[in-house]
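Below is one structure, written out as structure tokens; the observations come after it.
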Amino acid sequence: MTLSYIDEENGAWQTYLAQIDRVAPYLTHLSDYIDTLKRPKRALIVDVPIVMDDGSIQHFEGYRVQHNLSRGPGKGGIRYHPDVDLSEVMALSAWMTIKTAVLNLPFGGAKGGVRVDPRKLSTRELERLTRRFTTEISPIIGAQKDIPAPDVGTNAHIMGWMMDTYSSTQGHTVTGVVTGKPIHLGGSLGRVKATGRGVFITGRHVANSIGLKLEGAKVAVQGFGNVGGEAALLFAEAKAIVTCVQDHTGTIYNPNGLPVEALIAHVEKHQGVGGFADAIAIDNEAFWDAEIDIVIPAALEGQITVDRARRLNAKMVLEGANGPTYPEADDILIERGVVVVPDVICNAGGVTVSYFEWVQDMASYFWSEDEINQRLDKLMVQAVEDVWRCAHENKCTMRTAAYILACERILLARQERGIFPG
Ligand code: NAD
């Protein structure tokens, strides 16, 4: 199926379509509805003009895509990155549809983004950009319609501006319109660390299932931000050894284990792992040759190529990032016996605690961090067990199993709702 507005051959959207094609043979009972997954329900492209600090006017391109709303309001982050484009946002929104369904959360899938390098903007420019972008997408977002959250290049502070701007358009405070907000604006305890925590919870569970001991296991992490940093910390706490870390400033290596807390403090101070004293700097490509047990891609999509999959010396891949593995590379990892815990479950901790945040905002009643972490553990362990069982029953990978479970839930909802006007 081709969409007239997408003409690339090898982007993230094509990766997603290939994943749907792989699961289609397992969904023959719902085949009348499967095309609903191969196109977004709604895609909005907006112009975001802002006055820069020097008085000039610059235009940025923004997007909000709602891939599927069959099971509830749209849910998905906002990405600020210079490479953001419609195809990428479509793919990310589709993965949110799958993710919310695997976790059985009452949401559909959506995603947004602005084609901008936020590091090149001043705080005032970033605020203007966020407020104008929010105004432009206001007609289609809302606490019962579509609920954004942070992603690469955005954070709680930016979510606070989004909530405030949207509330101004409505004439009253609407805390539930975005999640990942600061705590004193209706944010949830545990939200910032939830995605990294979810990577650890799913990784621990699958490691246990394949007989891989975390104590002493060697871990490499690509991307040392919100997700990669917290996952690395929890693995180190479980006595795994984080030997190799890569971010946009370079790759560092210490065969005896990097002191993760000190590295987090270094990144906070220097905005990257580059220059960290307690490690040696290695070539970026050497990251994929390191002798390890677990690799956690937690940066951007399209990182595990065919070539890197052939070279990878790991027993397990934990997809902290969205879409880090090309479908052809997936095949090589299967052949080589590497277990891949797919993004749609591995990094679903964030959206799960976002769901908790939304529920707390709706009730105006807030839970303790312990309660949130316990609920997160329970939902994620349940989901990863379901996926593991489905993979065994169907003799397929965890990715295909996650898609079988999710797509079945989404398409059953579509079937039961029917096609309007019938
Ligand atoms: P972040 O902005 O906090 O961190 C991103 C990290 O990636 C940084 O360390 C950055 O240096 C690194 N990076 C960027 N470009 C790179 C490159 N070319 N090579 C190596 N490293 C590079 O973002 P985050 O919130 O940690 O998100 C990371 C990934 O996890 C993204 O794919 C995102 O979609 C996914 N994710 C995030 C959440 C969440 O709650 N934050 C939830 C689900 C999935």
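Using N, Cα and C of the backbone, Cβ positions are placed for all residues, glycine too.
What you are looking at is a predicted structure, and each value in this text was computed from that prediction instead of being measured.
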Looking at TrEMBL, Lys99, Ser354 are annotated for substrate. Which of Lys75, Lys120, Lys315, Lys378 sits in that same site? Lys75
In Å, how long is the longest CA to CA span across Lys75, Lys99, Ser354, which the record gives as the substrate binders? 13
Taking DSSP as the reference, which of helix, strand or coil describes Lys111 (active site, proton donor)? strand
Near ligand 1, which of the recorded positions Lys99, Asp151, Thr195, Asn226, Ser354 have CB less than 6 Å from any of its atoms? Asp151, Thr195, Asn226
Long-range neighbours only, meaning 6 or more apart in sequence with Cβ under 8 Å: which ones does Asp151 (site 'Important for catalysis') have? Gly76, Gly77, Ile78, Arg79, Leu92, Lys111, Gly113
Among all protein chains shown, how many Cβ atoms are found within 10 Å of the Cβ of Ser354 (substrate binding site), not counting that one? 30
